[in-house]
């Protein structure tokens, strides 16, 4: 995989950006429409809330949890092949899911296969933007994240229309054809010229001086490299980021799954209930470019991006409490408008902060470890919320749960980044003091002969104070 571009921010980079935007609209935006099918799937398979919730949880877990495998494919085959492979898998899973006779079959096809394909396409689209853009990277990430907003806007409306005309099986068949367009987006990622000498064919994990190595040791080294455990162990910022965002992810996806059923449960028309998520996406289409221009145009904000990210998560968590006040459509509409603002901040900063923390040559591996942890939380959170809903029959507790995870996750990030920055400043200050002390040799440690020789040296050569 190329790491240093010959023409960063070039003309073809904008074509790649468009490809990334469309790919994120197709992949990340799709899970937000699952709530439209929630009631029909529950009725057709005669399942409870917790059982039906396993479908979006498995889909979300695979979208995130396939990260390590995706990073291996990106390293060995590049983003182009990986994205096109993801498009084929995502389409195949949705088409085969139309023949599902039970929830188990649906979990395997539309959940596992489609989710893994979406993971390959979505993560490749993020990685390739970081490689094609350097100077305008914050703006590029913000524009690419518009894909999620467009997906959130269009997928629920399309899902509602197809559900009413073709049923959920026909809708899933159409979705399979739509997801195949990820292959077209991948074809646009043509190879990039670099200034770097091609890497040797030997595996860097197997030094040429070592003739033999056990299979187990090789597997362990490969896993450690592609899961970025070395970064997690030595990079405090990455450790804080992974901990906070993984914890936050336990509550972040819940409104996307349960908002539409919540509105329908309280008498809101099916069409207008599906429109709520589309309103969130529509607002983000305009908010994200403006936020991206703000971040890209002011370099002074670069040092505070991680704190802005924590604040956005905090606001997002507090916003979910609005749903507990009332289920009236006007209240939910206001909730969606406020939620859009905080979701915009989270969306444009989540990967930009990660790019600020880790070097780009290790970004695919760091993204793989981060996403597999988020995949675990995505697998746990919706069924847990569904079980809570079955026990209480009250949607308010689901939004309380979401708010609690988001607020606590923002505190982990904000306090953690602040403490790590203070610790680093303290260590840097101590290191400078030690260097200055070691460069100045005290006169009382010199012999009389050394003192005489020191006095005979020219004045300019007797001073070695430096900041380097």
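Just so you know, glycine gets a Cβ as well, placed from its N, Cα and C.
Feature annotations, reproduced from Swiss-Prot:
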type: COMPBIAS; residues: 446-455; note: compositional bias 'Basic and acidic residues'
type: REGION; residues: 429-468; note: region 'Disordered'
type: TOPO_DOM; residues: 1-13; note: topological domain 'Cytoplasmic'
type: TOPO_DOM; residues: 35-53; note: topological domain 'Extracellular'
type: TOPO_DOM; residues: 75-80; note: topological domain 'Cytoplasmic'
type: TOPO_DOM; residues: 123-138; note: topological domain 'Cytoplasmic'
type: TOPO_DOM; residues: 160-171; note: topological domain 'Extracellular'
type: TOPO_DOM; residues: 193-239; note: topological domain 'Cytoplasmic'
type: TOPO_DOM; residues: 261-274; note: topological domain 'Extracellular'
type: TOPO_DOM; residues: 296-306; note: topological domain 'Cytoplasmic'
type: TOPO_DOM; residues: 352-368; note: topological domain 'Cytoplasmic'
type: TOPO_DOM; residues: 390-396; note: topological domain 'Extracellular'
type: TOPO_DOM; residues: 418-468; note: topological domain 'Cytoplasmic'
type: TRANSMEM; residues: 14-34; note: transmembrane segment
type: TRANSMEM; residues: 54-74; note: transmembrane segment
type: TRANSMEM; residues: 81-101; note: transmembrane segment
type: TRANSMEM; residues: 103-122; note: transmembrane segment
type: TRANSMEM; residues: 139-159; note: transmembrane segment
type: TRANSMEM; residues: 172-192; note: transmembrane segment
type: TRANSMEM; residues: 240-260; note: transmembrane segment
type: TRANSMEM; residues: 275-295; note: transmembrane segment
type: TRANSMEM; residues: 307-327; note: transmembrane segment
type: TRANSMEM; residues: 331-351; note: transmembrane segment
type: TRANSMEM; residues: 369-389; note: transmembrane segment
type: TRANSMEM; residues: 397-417; note: transmembrane segment
Counts by DSSP class (helix H/G/I, strand E/B, coil) across the topological domain 'Extracellular' (35-53): 14 helix, 0 strand, 5 coil
Three-state composition of the topological domain 'Cytoplasmic' (123-138), taking helix and strand from DSSP: 12 helix, 0 strand, 4 coil
Seg_contact(the transmembrane segment (331-351), the transmembrane segment (139-159)) with at least 3 CB pairs under 8 angstroms, min sep 6: yes
For the topological domain 'Extracellular' (261-274), mean pLDDT (0 to 100): 86
Proximity verdict for the transmembrane segment (139-159) and the transmembrane segment (275-295), three or more C-beta pairs under 8 Å: yes
Contact yes or no, the transmembrane segment (369-389) and the transmembrane segment (81-101), 3+ Cβ pairs under 8 Å, gap 6+: no
Residues from the same chain, set at least six apart from the ends of the transmembrane segment (54-74), whose C-beta lies under 8 A from its own: 1, 27-28, 31, 34-35, 38, 41, 81-82, 85-86, 103, 106-107, 110-112, 114-116, 118-120, 122-124, 127, 223, 226-227, 253, 257, 364-365, 367-372, 374-376, 378-383
Candidates 14-34, 81-101, 240-260, 275-295; stretch with most C-beta pairs under 8 Å toward the transmembrane segment (397-417): 240-260
